[in-house]
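J.: Once you've had a glance at the structure underneath, I'll fire off some questions.
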Amino acid sequence: MLTKFESKSNRVKGLSFHPIRPWILTSLHNGIIQLWDYRMGTLLDRFDEHDGPVRGVDFHKTQPLIVSGGDDYKIKVWDYKLRRCLFTLLGHLDYIRTVQFHNEYPWIVSASDDQTIRIWNWQSRTCIAVLTGHNHYVMCAGFHPKDDLIVSASLDQTVRVWDTTGLRKKTVRGAPSMQEDTMVARVNTDLFGGTDAIVKYVLEGHDRGVNWASFHPTLPLVVSGADDRQVKLWRMNETKAWEVHTMTGHTNNVSCVLFHPKRELIISNSEDRSIRVWDISQRMGVQNFRRENDRFWILAAHPEQNLLAAGHDSGMIVFKLERERPAYDSHAACLFYVKDRYLRMHEYQTGRDAPVVSLRRAGQGQASALGQAPRSLQYNPYNPAESNVLIFSDVEGGSYELLSFSAEMPGGTGSGEPQDVRRGSGLAAVFLARNRFAVLDKNRQILIKNFQNEVTKKVSPPHPSTDGMYYAGGAGRLLLRCEDRVTLYDQQSRRVLAELLVPRVKYVFWSQDSSKVALMTKHAIVIASKHLEQMCSISEAVRIKSGAWDMNNRIFVYSTLNHVKYVLPNGDTGIICTLDVPLYITKAADKQLFCLDREGKTRMLDIDNTEALFKLALEDKQYGQVMHMVRHSRLCGQSIISYLQNKGFPEVALHFVNDNKTKFRLALACGNIEVAMHTAYELPDDDIWHQLGTEALRQGNHQVVEMAYQRTKNFERLSFLYLLTGNTDKLKKMLKIAERRGDVMSRFHNALYLGDAGERVAVLESTNQVSLAYLTAATHGLEEQATRLAELLTAKGMPVPETLADATLLQPPTPIVRADNWPLLAVSKGPIEGALVENDPVAANVAVQEEAAGGAWNDDLDLEDEPPKTKQTQERADSGTGGGGWGGDDDLDLDIGDEDLALAAPPKAPEQTIGDFVVPAAGTPLTAHWCQNSTHAADHAAAGDIEGAMKLLSRQIAAVRFAPLRPHLFALLQGAAASLPGLAQVPSLRASLQRGAAVAERPSDKVPALLERLKAGYRAFLNGKFGDARDHFDYILHAIPLTVAETKSEGNELKELLDISREYVTAIRIKTASAEETAPVRSMELSAYFTHCNLQPAHLLLALRMAMGTAFKNKNFITAASFAQRLLELPDLASERNAELRDKAQKILQKSQQMARNEVDLDYDERNPFVIDCATLKPIYRGAPVVKCPYCSSSYSPASDKTVCQTCGISQVGVETLGLVTTTASTSTRR
C-alpha cells in the first residue's frame, strides 16, 4: 500500500472523493466535516453545523454541492463555494447512516436507523420516495452507477436491491397526476412506502447484521460485508440474484466493502484494524494492511483515478494499492518501457511503437499479480553490438531480470522471445560495462556479475547502510545511496570519489554528455556536476514525478503532479505548462517533450521553453540572442519581470511591461527619469508624481522636480526648490500666487525667502500681529512703516516693543550654483540598453529628448502668455488630465511670461580637430569596467570609487560605520595597480592589474589569507590571549565584505568564516565581561552563556570546565551537573591527556547529583533554546522578538533596533538589506 496522504483527527465515519479536483471530504464523529486537499496535504475548509456525529457525506458529480447526514436526524446540503449550508431536509426519525447524490438525476438517497430509505429531490427540496421493508437499522444505501437500482444493507441480515424505474418515470420523465398528489397519498407514502421503488432482490446469507453493500461499476455484481466477519460476492440477472462466493479472513466485524474502480479487486476494511484486498477471479486475498491501534470504519474509491481512502479511529489515509509509474529508460533515439508484460520500444522520430520482448514467465497468469509490476528499467549504454536491459521489481523482496535481445523494430505486431534471460535477487542492479553489471544484494554487498549471472567480484560498499544503487554516468563507477547521502564509488579501485548530502534520493537523471546529474527526491531536486559538486537545489510543495535533460544539457525539465517545470544549473526555475494528469518525461528535445502516462501510453507535448533559453542567454551575456527574444518572443508575466529586476536588468524588464504602474516602478528602479515621466502622464495620480519628484530630486534633476511639484500643487516644496536654485523671479510669482490663494503662511514664507521685509510687515499687519510687524519694520530700517505702526499701537493702548541693539537682519542665503541641473557623470549605455533604444521608438524618443536639454520643459507649464509648442502638450492641456502647470488652474490665473521660465540648454562640447584629422574619443578606463561589471564593493574600492564602495556596503549590509573598513579600502586601492617607470623627467605610469587576461576584473583578495588569520585566532583563543584573538576575528569580520570569492565554494567558505568570527567575538566579549564582573550571580550567568557559543570542541571543553567550576564553587549543583554531563559527552574528553579533567568532572557530577539543589536562581534555562543578546549579553529565549544585524546576523532585543552592531561594529541592527555579496555580479551569491 502506497500512502499518499494521512490526516489526524477524530474518528472518521464518512468519506467522499471529488470527481475532478484533488479533494476529499471527511465526516467526523465529533460533528465536523473537513475538506482536504490530499495532493497538497492542506485543510481547505470545515463545516460544523451538525449536532452530533456525521456518518455520511458525498460530493455532487458536477455541481459545487455537498450532502451530509448525521445523528441529529438532519440531511444538510452545502455549497462549498459559498461555504455555507443551503438547506436542511427533515423526515428521518433516527440516526442517518449514509447519504449519496445520484450521478444524473437531482436525487439524494439516505439510509437511517428508522429502518427506512428515503429518496429526496434536492432541487425541489422534498422527499419523493420512502423505501420500507427492512426491519432493523439500515446501515447503508447507494445508487447504481448506471442502472435504476439501489442497494441497501441492514442489521436484519439482508441485502436488498431496489428498482427505481417507476420513480424515474414518474418524477423525471413526466409530472405526476393530480390524483396521486393528494394529501392521503403523501401520508400513505410516508408511512408505508409507495410503489415507485420496489424490492427487486432480497439477498440472504449473512449470519449477522450487514454493515455495507455496494455495486460493481460495470458488472452485475454486488459485494457485502457483515458482522459475521465475512465478505460475500453476489451476482444478479434480470430475474434473480445468488451468492457467488464467501471470502473469510477478517477477525472482527467488516465495516465497509467495495469494488476497485480500475481492477477486478474487492477492498474491505474491518474493526480488526485491517484492510484486505481480494482478487475477484481467484476469489482469494492478495494483500493485507494493518494498523496497530485504529479500527477501520469506512472506505471510498476515486471514480477516475487509482486512489482509495479509508477512515479509522484517529483520522484517514489516502492510498494506492500499487505504483502506477511505468518502468522505462531512454537511449539514443528510442524509448524502452514495460507495458502489459511486454518490453516495448518506441522510436521518437517516426513514432513507431511495438513490443520487442515478452516478459511472461512460464505458468504465470494473463494479468500480472498485484504489486509485481517492474519498478525500474535500465538499458545497457556500453554495449552497441547487442541490446541488454535490466528490469528490477519488488517481487520476493527485490529481484532483477537481465534480458538480451535484438533491438530492431519488428515488422509485424507480434513480439519475439528474448535471446537470453538471467534472473536473481537483490536490492538494486546497474550496468557497469559492456558485459558486466553490479547487484546490491540483500546483505548490502556489491556483487559484480557477468552476463552469465556469475559473480566475478564482491565489494563492500563504503557505508554499511547503503540501500540503493544507480547508474553513475561512466563505466566502472557506481552511485550509491544511503539514508542521508549519495556516494560516487569506483568499484575497481574501491575508493570513494565524491559524496553529496542528499537524503532519500529516489531517481537519478544524467545529462547526455554525463557532465551534470539531477538527484531527485520526493519533494526536491539537487543539480550537481559529474564529480557531485552541488550546483543548486530546489524544493516543491507537491511530489516530483520525473525529469529529463534537454539536448544542450543545460536545462532540466521535470514534472510534478500538475505542472511541467524547468530548473537551470544556476538555480533559476520556471513553469512551462500545466498538466491535467501526471506524466513521466522520457526525453526533452527543443520544443517537444516526450512522455509516458500512467496507462503506459506515449505522448508528445509541444512546449515553449523560451523563458529558460532567455535566462540562459542572459547568464551567458549573449545580448544579441537576448535582444532577438525581446523583439520576437512573447515573454511576459510578473515572474520574468521580477527575475530581470533581481538580476540587475530593470531596463530590459521595461520592455515586457504593458501596465503603466509596473512600468513606472521599473523606470524608477533603473533611474530612467524620462520613461518614468512619460508613464506618469498616463497615470493621473498625485502619488505617482510625488514619487517621480523624489527620484528626480535624488538625481539632481530639479527641472523634473519642479514639474512634479507643479502637478501635485505642492506650493511649499516648490517655493523651497526655487530658493535653493536661486530663482527669485519664480519666487516672486509664488508670492503673488499665495496672495491670490489667501494662504498667509505661504505668503510669509515666500516673503522670507525673497528677503522682502516690506511684504513681511504687510503680512503680519494683516493678521493683527502689529507688534511683530513693528519689530520687523524697525529692525530692517523701514522708518516710515515703523512710525505708522508705532502710532497704531499707541492708539490701541498697546506697548511699543523695544528693538535690540544687536539685532541682525534676516536675509535668505545666496545659492552657490545657479544652473539648470546638477552635473551628472555621462555613462555609456550597455549593450542591451543601447540595442533597445535603437529598436524601440518610444525609448528612442526619450533618448532624443535627453540630448535636447531643458527647453522642452516650458511646454509642460501650459502658461497663458503663449500657447503650447508641441502637439503632445496641447493634447494634455485640452484633456484636462495633465495639470499643465500653473496656467491650467483657476486659482493660478496669472500673467506669467514664458520667457521667465525658459531653461537654457547645456552647451555642446566642441569637437576637437587637427586639420582634417578628428581626435578619437578617449576609451573607457579599466577601472571603469571594474565598476560597471561588478556589484562588489571591493571592485569599486580598487577602482578608486571609495564613496561608491561605501554606498554599496550601505545598501547590501546596512553599513553605517566605515572607520574599521578604512585600512582595507585603501589597501585595495593601493594594491590594485602597479607603477611602471617611464622616460626621464616623466612621472611613472600607473597600470591597473587584472584577475584574468580575458576579463576586465581587478585582482582579488584570497580566502586562504583569511583562513590563516582564523588559525591564528584559534591559537590565541586556546592560549588565553583573548585580546589578540579579538584582533584576529575583528580583522576577518572587517575583511570579508571586501573579499571576492572566485567560486561558489569560496563564497560558502566566506559565509562560514563570518559565522565563526561572530561566535568567537561574542564568546570573547562574554569572557571579558565575566572576568570584570564582581557579582557572583552575574559571573555564573556569563559563564553559562559562554558555553552556548558555537566553538571548536577543544575551546568548548575549556568553556564547560570554567562554567562547571564556577557553578560548583557557588553551590549551584544542578547547573554544575548539567555542565559536567555536557563535558563528559565531548569526544575529546576520552583521550588520555584529559584523564584528570574527566575524573574531576565525574566527581563533580556525582557530588552535584547528591546535593541536587541550586543556591541561587540564574537567568539561564538550558532546556529552552535561546540566542545571546549581543548588546546586554543576556539570553533571548525562543518565541521572544529578536532583531538581527544584516551583516553578521548577531541577535538583539528590539530595544537595540537601529543601533550599530557591537559584534562587527559596521552595520545598523534591524535593517532589511540585500545581503552580503561574496562574488562578482555574474555569479553573485547573497547571504
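Using the three backbone atoms N, Cα and C, a Cβ is placed for every residue, glycine included.
Checked TrEMBL, it gives:
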- 5-46: repeat 'WD' (REPEAT)
- 47-88: repeat 'WD' (REPEAT)
- 89-130: repeat 'WD' (REPEAT)
- 131-163: repeat 'WD' (REPEAT)
- 203-244: repeat 'WD' (REPEAT)
- 247-288: repeat 'WD' (REPEAT)
- 345-597: domain 'COPA/B second beta-propeller' (DOMAIN)
- 638-781: domain 'COPA/B TPR' (DOMAIN)
- 829-1225: domain 'Coatomer alpha subunit C-terminal' (DOMAIN)
- 853-895: region 'Disordered' (REGION)
- 866-878: compositional bias 'Basic and acidic residues' (COMPBIAS)
J.: With Cβ-Cβ distances below 8 Å as the criterion, list the same-chain residues six or more beyond the ends of the repeat 'WD' (89-130) that contact it, or say none.
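T.: Those are 14, 55-61, 65, 67-71, 73-77, 136-143, 145-146, 150, 152, 154, 162, 164, 167-168, 171-172, 189-190, 193-194, 196-197, in sequence order.
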J.: Report the DSSP secondary-structure composition of the domain 'COPA/B TPR' (638-781) as helix, strand and coil residue counts.
T.: 115 helix, 0 strand, 29 coil
J.: DSSP-wise, what's the residue breakdown of the repeat 'WD' (47-88) into helix, strand and coil?
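T.: Taking the repeat 'WD' (47-88) as a whole: 0 helix, 24 strand, 18 coil.
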J.: With Cβ-Cβ distances below 8 Å as the criterion, list the same-chain residues six or more beyond the ends of the repeat 'WD' (247-288) that contact it, or say none.
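T.: Tertiary neighbours of the repeat 'WD' (247-288) are 1, 211-217, 221, 223-227, 229-233, 294-304, 306, 308, 310, 312, 321, 369-371.
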J.: Do any residues, 6 or more residues outside the repeat 'WD' (203-244), come within under 8 Å Cβ-to-Cβ of it, and if so which ones?
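T.: Sequence-distant neighbours of the repeat 'WD' (203-244): 136-137, 139-140, 142, 144-145, 149, 151-161, 250-259, 261, 266, 268, 270, 272, 276, 278, 280, 283.
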